[in-house]
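Asker: Okay, so Swiss-Prot annotates it like this:
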- 150: active site, proton donor/acceptor (ACT_SITE)
- 403: active site, nucleophile (ACT_SITE)
- 293, 297, 323: Ca(2+) binding site (BINDING)
- 91-418: disulfide bond (DISULFID)
- 123-128: disulfide bond (DISULFID)
- 183-230: disulfide bond (DISULFID)
- 232-237: disulfide bond (DISULFID)
- 278-291: disulfide bond (DISULFID)
- 280-289: disulfide bond (DISULFID)
- 317-334: disulfide bond (DISULFID)
- 422-447: disulfide bond (DISULFID)
- 50: N-linked glycosylation site (CARBOHYD)
- 51: N-linked glycosylation site (CARBOHYD)
- 57: N-linked glycosylation site (CARBOHYD)
- 62: N-linked glycosylation site (CARBOHYD)
- 69: N-linked glycosylation site (CARBOHYD)
- 145: N-linked glycosylation site (CARBOHYD)
- 269: N-linked glycosylation site (CARBOHYD)
- 399: N-linked glycosylation site (CARBOHYD)
- 417: N-linked glycosylation site (CARBOHYD)
- 11-33: region 'Involved in apical transport and lipid raft association' (REGION)
- 36-88: region 'Hypervariable stalk region' (REGION)
- 90-470: region 'Head of neuraminidase' (REGION)
- 1-6: topological domain 'Intravirion' (TOPO_DOM)
- 28-470: topological domain 'Virion surface' (TOPO_DOM)
- 7-27: transmembrane segment (TRANSMEM)
């Protein structure tokens, strides 16, 4: 074999060996891939080895031992859902301590603050929020003109953190509404906003911002709701709806709601009673509401119901009357409205029952929505006399008040084995009592404490008129 033939033979052998080696490598890679694929995608019946891998869940700090042979599959765990539960009474209260004050009108003279009415507060386990009905306008702006009107297509329910002036930068849209309620069941927020024409208004229910149900006006006469928080217990939320005249017999429904879906409706048989704008709170396993009688009563009607929607109704017995306008304190009634020529109209308000006693929130003025005070009547839930056992001043009679309502802070937040009673007071400014082109309000909130408190005056404090009014 000559040298050239040797070179050709050696080269051919090298190429063959290289090709064989490459094929073996490819075969090995395919075998490894196929084996890995089967292990990941097919179920394993054999016992796992003792290899241990820790994983960290972003929702909660939750380190879990996962034993496997080859692969760790990371799956998010469900959050620890806590629903508000029933069974707690109201915490004992000696007086009322300031919780928040937003000063919205004062700040709005030079800041971007919404024109609002009907503010109310509601708390989840982690935060308290102020809900309010806007007019689609800002203070000291031309669109604030004429905002004394209650119902318009521009009104929306929005919310912001409690204690801050409501502005576009800190507020969250909730619902298109000129009447509303909202509450948390623990994991989520329920909102109910009523909008539309007076004769065919519709309530739109949302759970965590998603539309879940609707309810149409059944009497065709300004269907309306609480203008304060609904109440949630044991995964269900409860609210009251009114439809019918504001100055005659109207019609009422209790709604039972789960995750935004209406699961039960109860018509309230309340001939001679008038329930509007009820302020509700949890009371043991029940829900208790104190409402506005816009027809005949200067005393406030109440309704108490359980989870089956079985209910009782009556009037706050005390001769210390809670509505406005009202007569001077006198003889109350437990079962019928007290008129004395002052029973018509009214204002949203609240009371808290403690056994036979009752804390009554009310304006200081008999005729106008000015001033505010908390009055303790130790027998006022069962006795019709006018004897009070203590008064705490909130706003002096030279400053405007307005609507007021109840809310509560639950034991799941505080760790106490009771429900903390709280209330808010709206301070209406502008029309119809002041020379402005607009109507709006700020709010202040208090919670019950079983320790020392003080009375004072915490008014709105804004200097009117604004530039837009001149």
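Each Cβ is built from the backbone N, Cα and C atoms, and glycine gets one as well.
Are these features on the surface or tucked inside, and what are their neighbours?
Answerer: In the three-state DSSP assignment, the secondary structure recorded for residue 150 (active site, proton donor/acceptor) is coil. The Cβ of residue 150 (active site, proton donor/acceptor) has 117, 178 as same-chain neighbours under 8 Å, each 6 or more residues away in sequence.
Applying an 8 A CB threshold to same-chain residues 6+ apart, the list for residue 403 (active site, nucleophile) reads 117, 118, 227, 277, 347, 348, 349, 425, 426, 428. For the recorded site, residue 403 (active site, nucleophile), the DSSP three-state label reads coil.
Neighbour list (residue 323 (Ca(2+) binding site), Cβ cut-off 8 Å, at least 6 residues apart, same chain): 292, 293, 297, 298, 299, 300, 343, 346, 347, 349, 362.
Long-range C-beta contacts of residue 418 (disulfide bond), restricted to its own chain and to partners at least six residues apart, with a cutoff below 8 Å, comprise 88, 89, 90, 91, 92, 411.
Reduced to three states, the DSSP call for residue 128 (disulfide bond) is strand. A simple way to gauge crowding: the CB of residue 128 (disulfide bond) has 19 other CB atoms within 10 angstroms, across all the protein chains here.
Classification of residue 183 (disulfide bond) by DSSP places it within a strand. Neighbour density for residue 183 (disulfide bond): within 10 A of its CB lie 26 other CB atoms from the protein chains shown.
Residue environment of residue 232 (disulfide bond) contains 28 other Cβ atoms, counted within 10 Å of its Cβ in all protein chains.
In sequence order, 226, 228, 240, 289, 290, 291, 292, 303 constitute the residues six or more apart from residue 278 (disulfide bond) in its chain with CB-CB distances below 8 Å.
Non-local neighbourhood of residue 280 (disulfide bond): 226, 228, 229, 230, 231, 238, 239, 240, 287, 288, 289, 406, each in the same chain, at least six residues away, with C-beta under 8 Å from its C-beta.
Summarising the environment of residue 334 (disulfide bond), the number of other Cβ atoms within 10 Å of its Cβ, over all protein chains shown, is 15. In the three-state DSSP reading, residue 334 (disulfide bond) counts as coil.
The Cβ of residue 422 (disulfide bond) lies under 8 Å from the Cβ of 99, 121, 406, 407, 408, 409, 445, 446, 447, 448, each of which sits 6+ residues away along the same chain.
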Asker: Show, in sequence order, which residues other than 293, 297, 323 on the same chain lie with their Cβ within 8 Å of the centre of the Cβ atoms of the Ca(2+) site.
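Answerer: Here the nearby residues are 274, 292, 294, 295, 296, 298, 299, 300, 301, 315, 322, 337, 338, 343, 346.
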Asker: If you count the other Cβ atoms within 10 Å of each Cβ, which of the disulfide-bonded residues 91, 123, 230, 291, 447 comes out on top?
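Answerer: Output for this query is 291.
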Asker: Listing them in sequence order, which of the recorded positions 123, 232, 237, 399, 417 have their Cα within 10 Å of that of residue 183 (disulfide bond)?
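Answerer: Cα filter at 10 Å returns 123, 232, 237.
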Asker: What's the number of neighbouring CB atoms sitting within 10 A of the CB on residue 399 (N-linked glycosylation site)?
Answerer: 17
Asker: For residue 269 (N-linked glycosylation site) and residue 417 (N-linked glycosylation site), what Cα-Cα distance in Å is obtained after rounding to a whole number?
Answerer: 34
Asker: Please identify, among the recorded positions 123, 145, 317, 334, 399, the one with the smallest Cα-Cα distance to residue 232 (disulfide bond).
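Answerer: Checked the recorded positions 123, 145, 317, 334, 399; minimum Cα distance to residue 232 (disulfide bond) goes to 123.
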